[in-house]
Amino acid sequence: MSGAREPRGAVAGSGDVGHEPNRASGGQVAQAFARAVVRLHRAPAGPDGDGEQRDDVEAPLERWARRVWLAAADGHAFVLVPDLLERARLAGSPAVASAGSGQSGEPPAAPLVVDGDALYLQRLWRAESVLAERLAALDAPAPLADASRVEAALDAVAPHDEVDPLQREAVRMALSRRLAIVTGGPGTGKTTTMARLLVAFLRLAPESRVAIAAPTGKAAARLAQALAAQLVRLDPDNALAGRLPVSGMTVHRLLGLRADRAGPAPGAIRHDLLIVDEASMLDLELARALVESIPEGGRLVLAGDRDQLASVEAGAVFAEACASPLQAVVRLQRNYRQSAAPGLAAFAGWLRDRWQQPGAPMPAGPDGPEGSNEVTAPGPASAGAIADRSLAAWSPALAALAGGEPAERIVAAFDRHRVLCALREGPLGAAAINAAVAARVRRRVGAAPGAIWYTGRIVIVTRNRPELGLYNGDVGICLPDPTGAPAVAFDAGGALRWQPVRQMPAHEDAFAITVHKSQGSEFDTVALVPAPVGHGLNTRELLYTGATRARSALVVWAGADAIEDGATRRTERHGRLADRIARGRLGGGGTEARG
C-alpha cells in the first residue's frame, strides 16, 4: 500500500520476514494497541467486575496483543499460540473472538481472533477468510464461448507449433474459467501470454471491457508498454483498436481506494476481464478488496513470480495461491531470455532452487559470478566504491546530459542502471549509497555541494498524489524542462511528463533503492548489495528478486559466503490462505502445470 515501510539497517530477529520496520516506533504503536485491547477486556466488567479473575488474563492478553501486532508489521497473518490453556484463557476475553462463534462463521466484533492454534488481528483474519472464499468461488468453469470457438481463437493467437504448451494452457484457462493464476520467472513469457489472452478474449467477446493493473505505478506503466509492443504483432491490422487497454493503472486507483474511505469505491471494477501483473506484491487486505470488487461474471487474471519477495504488508498471497489446490494455477517454466543472458539466467535459477538442492554449487566459470560478464561478485565494498562503479555505469547518461541530447534519451540512459540494496539504513544501505552517488553526480554536473536539485538527480515518489498523476514508486530525473526551468521528467509510456521541482510530492533519491522498491521494474544492469551473513534480510527471495531485476548484467557486492547464506535461507510468513482454500474445496488439484 502507499507509504509502505522500508527495510532498515537494524539486525532482524527471528520474526523477520523480508523487511525491517522501524522497531522503536513500531513497538510504541504495538504497545498502545495492546493497552487498548486490555481496556476493551476490562470494559464489560465495569467497576464491580471480578478484578482478580480479569487480572489473570490481562498480562498474557497484553503480551499476545503486542506480539500479534508486531507480527503483522513483519508480514505475518497471525502468531502461533501453541499452549492450549493459553489459547483458552485468551478466548475467554471479550476482546478476543473465536473463529466460528458468530453467525455464519463470522466472529463478533473484537480486535483479536483465535482460530485453532493461531491468533490473528481481526482485520487480517477477515481478509484471509474472505479472500480464500472468493478465490475458491472464482475458480469455476465459465467458458467464454463454445469449445470449438475457444479452440479456434486459441489457435489464432497461440498456434500449437509456435507456442509453449504452458502459455497456451494459461490462455485457455482464462478463456474457460473466471480465475487464472499465471506464475513464472523473468523471460518465461508472462507478458506475451497476457497479450495473446487480450486478443483472443476480445475476438470472442468484442463488446467486453478489459483493464490492466499492477500494485505500483511503475509496474503498471511497464506492463502497458510491454503489452503494446506485443499487440502490434498480434493485432497487425489494428482491428481491435479502441478496445484494447492502452494504459495501466495501480490497483489502488482501480479500486478507488483513498485514505478517507474504509474500502473500495462501490462498483469500482466494471470490467469483464481484469489482468493484474506483479501479483506477488498484493497483500492480504488489498487482495481481498480486489477479489470482492470483481463483478458478477467478471474474470480475474493474476500474473507474477511466486518466488519473488512477497508484499511489504501482511501476507504472501500470490505464493500461497500458487501452492493451493486452485484449478486456476499455471506455472510457466521455459525461459526465452536464457540464450541472450545464459549466465544471468543460470545464477537466478540457482538462487531460486538452492534451498531445495543441498550442495548445489553456485554457477561458476563463464556462466557464474567468478568469470562471467553477466554476473560478477567482486566481494563486499564501501559505499564509495559502489558509487564509483555505478557512476561508470551511468557514464552514457552523463555524457548525454553534457552533450545536450534530447531529454527522452537522457531519461532512458539513466534508467538502464540501478543500485538495489537489501537495507535502507546502515553503511551499505540505500541512503548511504545515494549520498555517495549524489556527491559524485553533483561534481560531474557542476552543482554546488549539498545542492538539493541538480541535473541528473534520480528521485522516487514515496506518496500517492493522484491529482498530480504521480504515485508511490514513480521514478524521474531532474532536468531542465522545455522552458529551461528545473523539473523532474517522468517516463509516461514513451513520452515525458514534467513536474516542476517546487510541486514535487514526497520523494527521495533513487540512484540506489531497496530491493522491495524495485519490484515491478527492470534495468539493463543492476548492482545488488545484499545484507551481511546471518542478517534476517539476507534471504533467497530478496537475492532472487534483486537479481531478476537485471536484463543483461548483474554485479553482486558480496562475498560467496553471503550469497550462499542468503540462497539457503527462505523467507517464511505465517499465513493459512492455501490451507483455507484447501479446506473449503475439500481437496482437488491444479493443472499439471503447477509444479
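The backbone N, Cα and C atoms fix where each Cβ goes, glycine too.
Just so you know, the Cβ of Gly187 (ATP binding site) picks up 20 other Cβ atoms within 10 Å once every protein chain is counted. TrEMBL lists Gly184, Gly185, Pro186, Gly187, Thr188, Gly189, Lys190, Thr191 with the feature ATP binding site.
Among the features that TrEMBL reports, domain 'AAA+ ATPase' is placed at 176-334. For the domain 'AAA+ ATPase' (176-334), the model gives a mean pLDDT of 87.
Residues or ranges marked as region 'Disordered' by TrEMBL: 1-29 (among others).
Sequence annotations record features per position, and here TrEMBL assigns region 'Disordered' to 357-377 (among others).
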What's the number of neighbouring CB atoms sitting within 10 A of the CB on Thr191 (ATP binding site)?
17
Below 8 Å Cβ to Cβ and six or more residues apart, same chain only. Which residues does that give for Gly185 (ATP binding site)?
Asp305, Asp307, Asn335, Ala348, Gly349, Arg352, Thr548
Relative to the Cβ of Thr188 (ATP binding site), which residues of the same chain, six or more apart in sequence, are found under 8 Å away?
Leu332, Gln333, Arg334, Asn335, Tyr336
Lowest local Cβ density among Gly184, Pro186, Gly189, which the record lists as binding-site residues, within 10 Å:
Pro186
